[in-house]
Amino acid sequence: MMNYQKYKRFETISLPDRTWPDKHIEKAPIWCSVDLRDGNQALVTPMKIEEKVEMFQTLVDLGFKEIEVGFPSASQIEYDFLRLLIEEHLIPDDVTVQVLTQCREHLIRRTFEALKGLDKAIVHIYNSTSILQRDVVFNKSKEEIKKIATDGCQLVKDLCGEFDGKVILEYSPESFTGTEMDYAVEVCDAVMDVWGATPDNKVIINLPATVEMDTPNVYADQIEYVGRHFKDRNRMILSIHPHNDRGTGVAATELALLAGADRVEGTLFGNGERTGNVDIVTVAMNMFVQGVDPKLDFSHINDVKHVYEKCTKMEVGPRQPYAGQLVFTAFSGSHQDAINKGIHKYRERGSKYWEVPYLPIDPADVNRQYEPIVRINSQSGKGGVAYVMDTIFGYHLPKAMQADFASDVQKISEAEGEVSPERIFDTFNKDYIENEQPLKFVSQKLIDISEDSSNDFEREAIIKLNDHGNIRIIEGYGNGPIDAAKDAFNRNGYPYMHLLDYSEHALTSGSSSKAAAYVCLRAKGTSITEWGVGVHANITTATIKAMISAMNRIYKRLDDSK
Ligand SMILES: CC(=O)SCCNC(=O)CCNC(=O)[C@H](O)C(C)(C)COP(=O)(O)OP(=O)(O)OC[C@H]1O[C@@H](n2cnc3c(N)ncnc32)[C@H](O)[C@@H]1OP(=O)(O)O
Ligand SMILES: CC(C)C(=O)C(=O)O
């Protein structure tokens, strides 16, 4: 039994008239990437300058307009990186960089030194306000903690006089979720008063779930509650900064947006301290799949993943929403069947809206259309195998044949695990197209005899084949090519057959001038049925080859049953 009594819940506020549950996310928030600060500070090996530059440029390309580039007073590399961005003019006009500092005089002064030459910046100051940190870290009263914040704010204000650019103040009551809400409001209001915040000179008030402490609805209640209690909600931008300790950072962010947050700080793929910051890719893409413009461009998600993995040395997990290697892959049979049908219907109907079972997003929207959506293992069924044959190789297997072929593939997957598309195609070739024993097609001639009054048929088929090593030429008559070919086999001692099914189509993938024919034969007097496939530029040849393929399979069945 685990000792759960060791833990207790943080006291929650009462907000029975909460409004957020009835709302929807209707527009993108202001996004602020903290990859280069919160993300970076949590890495085993923090990024080198070149990596920071690459990450910065990627964030700009994705559309971030606010980017926390670091903690310039913390180390030389952080300082130098900001200087490089400024001196090399790497910051686009429509992007504002943000820098973090504790509310300590020498750190704030050093931060301003690093900012020289910038025309605008967000200066982000923080101090922890939580009950726990006031007690164990600072050992200070509420008034003293508030004073750290207001002194920090006053110093930033004073230093603005020596700075040529525009400063936007951001203040975070760090560990907000562990703070009494009324006290958090009091401290933030005090900071805004010192700054002289007005609707035209707003302060960014950032309310971090520094440690995620409760269910997402509790964070939403906290955000709605403080949003109602600030002295003047119009003189601030309400920002959130969720972490993911309970694994619900994305949900908490979404609910906090419903509760009135204007701005979200987070990172790509949720990098950050411990379990990470909120994953902005997921939050943004969740908006996208509900028809809301996220104002960030993840249309080349694999490229973003590549830069992320290279710069952070972290890996994006295979199940990571939208970006994971396996998220556009279905192994199980019923999923594959439904995806296969759904994609066909979507294309056939030319639907405006993407509605495909098990695929909440069209993989093409994140440039992942070339990956196999359907992968085959022993849990897969005929739908998946048919999908692979169709979408990758262009063979539209008749429905009645799909189970037949899928059972061959399943034998392989049961013995060997996942079966690659190439292996499936090889098996198909071996089983149906290249099975040329004991009969092998050599050539055929189809003669139009419709004008010949001495018989009742319209076509004569002359088929040359290699039969157990001997060349034979056989003839048959019928009213069409298939009839005539069938007759040639039946009247020359081959397993007298019923043709149960037939279909053909042009092969569009790879060999554009060829056709594929599929036949299902039953050997007369038995219950043995077999499918055969023939491929050739001439459709009659393809059909005769398909008959021979099916007969070879019948011979094999007869041999096996002896
Ligand atoms: C939740 C977050 O992610 S917040 C961001 C955290 N990020 C980082 O800390 C990364 C960069 N930090 C650093 O490199 C270092 O901490 C520095 C350079 C900023 C400061 O270094 P140091 O002064 O040597 O150490 P340290 O950070 O441990 O300082 C602790 C002191 O600062 C005080 N302090 C901590 N945070 C704050 C704050 N936000 N405002 C004011 N004082 C603070 C502590 O109470 C403590 O005071 P004490 O010495 O009187 O006990
Ligand atoms: C500085 C603050 C915003 C922070 O990183 C946190 O609380 O997680």
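Positions of Cβ are set from backbone N, Cα and C atoms, glycine also.
On the 0 to 100 pLDDT scale, the domain 'Pyruvate carboxyltransferase' (29-302) averages 98 in this prediction. Per TrEMBL, the feature domain 'Pyruvate carboxyltransferase' maps to 29-302.
With a 10 A radius on its CB, Asp38 (Mg(2+) binding site) counts 24 other CB atoms from all the protein chains. For the recorded site, Asp38 (Mg(2+) binding site), the DSSP three-state label reads helix. If you look up TrEMBL, you'll see Asp38, His241, His243, Asn277 marked as Mg(2+) binding site.
Shown for the region 'Regulatory domain' (435-562): DSSP residue counts in helix, strand and coil, namely 32 helix, 55 strand, 41 coil. Annotation source TrEMBL lists region 'Regulatory domain' at 435-562.
Under the three-state DSSP scheme, Asn277 (Mg(2+) binding site) falls in the strand class.
Ranking the binding-site residues His241, His243 by the number of CB atoms within 10 A of their own CB puts His241 at the top. Each residue in Val34, Pro208, Ala209, Thr210, Pro242, Glu265, Gly266, Thr267, Gly272, Glu273, Gly276, Val278 lies on the same chain as Asp38, His241, His243, Asn277 and has a C-beta within 8 Å of the C-beta centroid of that Mg(2+) site, without being one of the site residues. Just so you know, the Cβ of Asn277 (Mg(2+) binding site) picks up 31 other Cβ atoms within 10 Å once every protein chain is counted.
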